[in-house]
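Below: the structure, in structure tokens.
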Amino acid sequence: MSLTPAAAVPCPRETMTTSSVDYIIQHYVFPCQLTVFTFVAYKTIQKIANEQTRVVARHSFFLLIAIDFLILATMLPQSLFSFEFFYSSESLRRLFHYSKIVINSSANYFSAVEIFLTLTICAECYVKARQLTRVEKIFKGQLYGLLILGIFGVSLTITFYHFFIYELKTGYQCDGTKLLSRVAASEDYFSMSSVKIFNTNQAICSIIVPGVLVLVLVRKIVHFIKEGKMPLKEVEDSECQQFFSSTDCEVAYKRELLVYFPLIAISFVLSHSVSFIPFLIDLFPSLRGPAFVDIISITNNMLLWGKLVTLYAIFKSCHLLGASGLVAEF
């Protein structure tokens, strides 16, 4: 007896989002986030690409924009498949399934790079605010190149396991033909206990430690500004001094810096604290429930909003710090 149906029945094709909440996020919210990022990235690149613009950590900021773009690129396929043109095509659905493991793993990797780049930018602002001449050399020339390579290498060391802990599972369509259906955990390379150790390590190294360090660095920078330990230098071509007196400039710039530097810390720490929830669920499977997929969708989206706010706050802080004349070296 043949297992193949006598007449193939067309299978209805539905959106590839995981739930109604995920559909709303992917179909409506993510396109808005992509638009906001494109606008912010365009405006900031337009500003800092001008060599006459004084911006602290210029090169690191360019890298940060590129990494945020790659993070959004890894999230784009899930959003696209909430639209009928994509989810109604069998070939596109299969392409998405086959690439899902690489896409998800790459997202984890780029997120780790983004975290360490943010920490590096905060460190550079702190070092230049303190005028630590010897340490400033780290952010120039070959040493800076090695620092960036180190960031990419450490990020890969922390997140590499994501490329090996999943496998593709197959199911069947309504007409009896095979259909690649989902991504599932695999123990071909690592046991589940090993994965828990890797998850814990990633949470500590790329969320907790960087979060604490960013808080400490921002707190110290804010302290310098409040205590007047970063006096406005006599920079003839300071953007502010071209129009106002030194005193007016100092007050205006410091007021804004005291808004944007804390905003970096708040958005960075809060958004990445939320992203810690999926790690907890992986460590304690008993926490999984009917709302698990919705929680993942919401936390990922909140993390993305946090990245956008952090990106803008970093740009404003680095630009204000340089344009004000509070930092003479760039």
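Heads up, residue numbers simply count up from 1 along the chain you see.
Any Cβ shown, glycine's included, is placed from N, Cα and C.
In TrEMBL, annotation is done automatically, which means it is predicted and not curated.
The transmembrane segment annotation in TrEMBL covers 23-42 (among others).
Same-chain residues lying 6+ beyond the ends of the transmembrane segment (62-81) with a Cβ under 8 Å from its Cβ atoms: 15-17, 26-27, 30-31, 33-34, 37, 41, 44-45, 48, 87, 92-93, 96, 99-100, 103-104, 106-107, 110-111, 113-114, 117-118, 121, 148, 300, 304, 307-308, 311, 314. Residues or ranges marked as transmembrane segment in TrEMBL: 62-81 (among others).
Long-range neighbours of the transmembrane segment (101-122) within the same chain, counting only residues 6 or more positions beyond its ends whose Cβ lies under 8 Å from a Cβ of the stretch, are 57, 60-61, 63-64, 67-68, 70-71, 74-75, 77, 147, 151-152, 154-156, 158-160, 162-163, 166-168, 183, 202, 206-207, 210, 213-214, 217-218, 221, 264, 268, 272, 303, 307, 310, 314, 318. Look at TrEMBL and you will find 101-122 (among others) tagged as transmembrane segment.
Residues or ranges marked as transmembrane segment by TrEMBL: 143-164 (among others).
According to TrEMBL, the feature transmembrane segment maps to 201-222 (among others).
What TrEMBL records for 257-281 (among others) is transmembrane segment.
Residues 115, 118, 122, 125, 199-200, 202-203, 207, 210-211, 214-215, 218-219, 221-222, 225-226, 287-288, 292, 295-296, 299-300, 302-303, 305-307, 309-310, 313-314, 316-317, 320-321, 324, 326 of the same chain lie 6+ residues outside the transmembrane segment (257-281) yet bring a C-beta within less than 8 angstroms of a C-beta in it.
Tertiary proximity for the transmembrane segment (23-42) is limited to same-chain residues at least six positions away from its ends with a CB under 8 Å from its CB atoms, namely 15, 17, 65, 68-69, 72, 75-76, 78-79, 81-83, 297-298, 301, 304-305, 308, 311-312, 315.
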